[in-house]
């Protein structure tokens with residue numbers, strides 16, 4: 001399979017936080033031929049180990065399996081569904097969206113509804129919408145009909161198909177963080193037949209969107225000396241974004257290397273040096289506070305982990321149509337592969 005085919009497969013595998021089993025199984029399938037040990041911990045994280053030259057040292061590369069989603073919380077007498085968000089969702093983007101409701105019987109398609117603009121009061125036209133202002137229409141006749149189709153607690157995801165906008169530029173739901181998963185697969189492939197400088201743990205973490213919960217148990221269990229979190233980061237190259245306020249990160253301009261108190265200075269410097277040495281396109285993003293990714297809790301696990309963060313620029317994060325460039329993913333794969341092959345200087 002090409003990397004584009006793998007990415008499509010990952011994107012078409014729903015994995016809202018707390019319901020990642022299918023994507024964990026798929027990642028195990030994609031990684032198994034390139035690693036030496038494979039396991040799933042009690043919390044549900046996938047841990048794939050490739051032996052290195054120094055078996056007493058551990059490097060962890062982590063990307064999260066979950067995507068933002070929703071959950072059915074109530075069914076009214078007319079068969080309309082109430083829901084709550086799982087993870088950070090801009091509810092103003094939801095009206096009119098097609099969604100898929102996942103349960104033991106399969107998938108039910110629904111439409112997120114709100115009152116049309118023609119019927120709204122004047123004041124309502126300018127309001128921000130909460131989930132309580134919206135509902136999901138599954139064409140049920142009444143509550144009993146709806147209950148034959150869905151259950152309280154069913155998971156919900158956007159119904160968005162992956163699409164190549166042009167060559168290397170892709171749009172889809174859940175690029176956060178399926179592009180990180182693709183990166184792990186491609187690095188594992190690149191290291192096939194090679195001996196990394198130390199043991200490399202490829203970690204597919206769960207429930208990152210709920211506060212980076214999975215990475216806490218995975219890092220504690222592995223107890224690595226070094227860890228790198230791979231996730232999306234905000235591209236800021238579109239109208240209304242201020243570089244002074246939000247930074248200057250461009251789609252297709254290379255992998256993002258983070259700087260800040262969440263980042264071990266030696267690891268950050270090594271990533272930059274390797275990028276220069278191998279002509280890898282990169283961008284710098286400063287974080288004056290802990291990064292809202294797995295990198296945050298990775299760093300403070302146990303007695304501490306030397307931590308770095310690599311970000312893939314993403315437009316419209318957590319929306320039904322995020323946008324990324326394969327150029328940035330490819331540069332990230334190259335940089336991570338080279339990092340695995342060298343020792344970190346003291």
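Placed from the backbone N, Cα and C atoms, the Cβ positions cover glycine too.
Matching 318, 338 to the Zn(2+) 2 binding residues that TrEMBL gives (176, 209) identifies 318. Comparing the Cα of residue 176 (Zn(2+) 1 binding site) with the Cα of every entry in 208, 209, 318, these being the recorded positions, the smallest distance points to 318. Cβ-based neighbour count (10 Å, all protein chains) for residue 209 (Zn(2+) 2 binding site) stands at 23. Residue 176 (Zn(2+) 1 binding site) falls within a helix when secondary structure is assigned with DSSP. The Cα of residue 208 (active site, proton acceptor) lies closest to that of 64, out of the binding-site residues 64, 231, 318. In this structure the C-alpha atoms belonging to residue 318 (Zn(2+) 2 binding site) and residue 64 (Zn(2+) 1 binding site) are separated by 14 Å. Of all the Cβ atoms in the protein chains shown, 28 others lie within 10 Å of the Cβ of residue 208 (active site, proton acceptor). Neighbours of residue 318 (Zn(2+) 2 binding site), defined as other CB atoms within 10 A of its CB across all chains, total 20.
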